[in-house]
Amino acid sequence: MSAAEVTQSLRDGLVLGETLGSGAFGVVLRGRLPRALVPTDAQYLLHDPMQPVLEVAVKTIQANASEQSHNEFIEEARMVSQFNHPNVVRAIATLLEAEPHLCVLELLPYGDLRDVLKKSKKSNILWTESEFAYTLAQVASGLNYLESIRFVHRDIAARNCLVGHGLSVKISDFGLSRLLAQDTDYYRMEHKGRLPVKWMAPECLNYRTFTHQSDVWSFGVLAWETFSYGASPYGSMAGREILAVVEAGSRLERPENCPLNLFAMVQACWEMNPQARPRFAALSSYFTNLSVNQPVRDIGALL
Ligand code: ADP
């Protein structure tokens, strides 16, 4: 079969279902892909050999979106299809040859991490230290992988991680991600768009330079959100105020569920000097060591 025929049979065979959420470009739908159409490199997602269909998530773009949005959607879909790591959401297929443009992703049935944390608190399902550590180990490991292939994510936050079975956590939402050019170790933003100020390192806010070490700062804020069950960092403080207090040396306070030793590692992510912050490799081993061989519950299934 030619590539065009493969794409056509994927389009024909994909069954779209209910809405999972809405993203920057359009809705994300639940979908079902017949077993025979699952590409070889995604067949490992079919756990049971008798499973007739693979449940997927399908990102769509609104029909009336601008040409720029269409181009950004295509760029993001192509970028996600290059990634190959257990803690980064996998693209199963990208259908971009005709409209509607679709991006078929592995399904993470429990939604985003912030939501799972908030629901846990509401349902009084308190996480153990190893469940917190396991979550952070997975995010750090996904980011360590992205660093190894020179991607700066630029929008690391609990809302941009998705939760699956067995408390598996994967990085998603690559709308702001950039591949660093060969000869540089930073990305300079040219246009002022909407920015996740509460998660951004001071050098990003001041000089618009984004590096792996500025992603580390955001990872620290994600860790704070995790231990706070999805609370909003800095409460209702405005963006400009946050930069001023951070530059004056203030930092987010230790959430009551975060043990002192773990918080020391989280705080290190908020060193003013980017080089003084821990690297993702170190963060990944630190949190992995705290969670390895420890029991974790399938928290999404409990909610
Ligand atoms: P955008 O990047 O365009 O803002 P997102 O990737 O954040 O869109 O997706 C929006 C919402 O759709 C998410 O918050 C989540 O609820 C749902 N979603 C996205 N991808 C998946 C997925 N792979 N599995 C399950 N739900 C998903």
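Just so you know, glycine gets a Cβ as well, placed from its N, Cα and C.
Those TrEMBL annotations? Automatic predictions, nothing curated.
Feature list (source: TrEMBL):
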- Asp155: active site, proton acceptor (ACT_SITE)
- Arg159: ATP binding site (BINDING)
- Asn160, Asp173: Mg(2+) binding site (BINDING)
- 14-287: domain 'Protein kinase' (DOMAIN)
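The two recorded residues Arg159 (ATP binding site) and Asp173 (Mg(2+) binding site) have their Cα atoms spaced 9 Å from each other. In the three-state DSSP assignment, the secondary structure recorded for Asn160 (Mg(2+) binding site) is helix. Ligand 1 lies within reach of Asp173 from the recorded positions Asp155, Arg159, Asp173, judged by a C-beta closer than 6 angstroms to any of its atoms. Rounded to a whole number, the distance between the Cα atoms of Asp173 (Mg(2+) binding site) and Asp155 (active site, proton acceptor) is 8 Å. In the predicted model, the domain 'Protein kinase' (14-287) has a mean pLDDT of 93.
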